[in-house]
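What Swiss-Prot annotates here:
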type	residues	note
BINDING	151-208	ATP binding site
BINDING	E282, N284	Mg(2+) binding site
DOMAIN	125-311	domain 'ATP-grasp'
Amino acid sequence: MPLDVVVVMDPITGIKIAKDTTFALLLEGQRRSHRLHYVHPGSLSLNEGRTFAQIAPLQVRDNKTDWYTLGEFSETQLGQGQIILMRKDPPVNAEFIYDTQLLSIAQAAGAQVINHPQGLRDLNEKLAAQLFPQCCPPTLISRDMRALKMFVQKQEQAILKPLDGMGGHSIFRSSNGDPNLNVILETLTDGGRTLAIAQRYLQQIIEGDKRILLIDGVPIDHCLARIPQGDEFRGNMAAGGRGESRPLNEHDRWIAAQVGPEMRRRGMRFVGIDVIGDYLTEINVTSPTCLRELDAQCGLNIAGQLFDAIETGG
């Protein structure tokens, strides 16, 4: 039976369809004859206890110069019978949180929201990994620049990053004796006012930062290793990393088994976990990526697996 699939995303005009996971989900929904609806960015609202948005019928095409057609926008209540894909990219700022609160009201009115709005509020992508300390490298999250500096000195090399970034932005590699360490910490913590994360530098990054996708807590059998290029230490695709598919190894599956059940319990139906060597470094719940690369390299249809789960009601 055709469903109404409503997508909350960043402007569709600016996406790169060859790598865009949201676009792959829309293609799969359309292939299944579901009705696609696009939420005008920034248009979610609440009126007398009901969530509304300016939405338009959407058609998509796998054509890099002409990939979508929109119908007329109209104010529509969100709720009963709708599948809402919440796919806005970070930062998870106040406006993002407000949108998830409005989506919680739509969920209470009968919509199926993916991922669960409460989980999107609760699970910071850097902090969430620390729910599973047995899987993580030595990590310190603090505003205290002195403590962060001592951590770097103890580990000898460390990665320093903000809690609200994505795509490799504002990530620093530092070491004991680095003359720039103080200014890096001042910048990341805003002079001791903002939390920052310090994590032991993992030499295995040269072999790739592995993105493992989970659907309802179960891992896809292949991951995408994002391999830094040249003198770069970041593997993120947005930072120029090269993506190479690999089958999951035994330890990858162990990490997924630690993380997956808790993600499923929280309604996080489509999740990306990042693994370097034997260590979990991040859990991505807002808008996990790398689906299209894995589909292309492994002959998969990951969006189809997600829609199979959605259509059964989860």
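Using the three backbone atoms N, Cα and C, a Cβ is placed for every residue, glycine included.
Keep in mind it's a predicted model, so treat the numbers as computed, not measured.
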According to DSSP, which of helix, strand or coil covers I159 (ATP binding site)?
-> strand
Judged by other C-beta atoms within 10 Å of its C-beta, the most isolated of the binding-site residues I159, V183 is V183
Greatest C-beta neighbour count within 10 angstroms, which of the binding-site residues E207, E282 = E282
With an 8 Å cut-off on Cβ-Cβ distance and a minimum sequence separation of at least 6, pull the same-chain contacts of S175 (ATP binding site), or say none.
-> V152, E156, Q157, A158, Y201
What number of additional C-beta atoms lies within 10 angstroms of the C-beta atom of F151 (ATP binding site)?
-> 19
Between Q199 (ATP binding site) and E282 (Mg(2+) binding site), how far is it from one CA atom to the other, in Å?
-> 11
Pop the Cα-Cα gap between E282 (Mg(2+) binding site) and G191 (ATP binding site) into the table, whole Å please.
-> 25
Reported as an integer number of Å, what is the Cα distance between E207 (ATP binding site) and E282 (Mg(2+) binding site)?
-> 17
From the Cα of N284 (Mg(2+) binding site) across to the Cα of I159 (ATP binding site), what is the distance in angstrom?
-> 18
Quick one: give me the count of other CB atoms within 10 A of the CB of G191 (ATP binding site).
-> 11
Take every residue in the domain 'ATP-grasp' (125-311), average their pLDDT values, and give the whole-number result.
-> 94
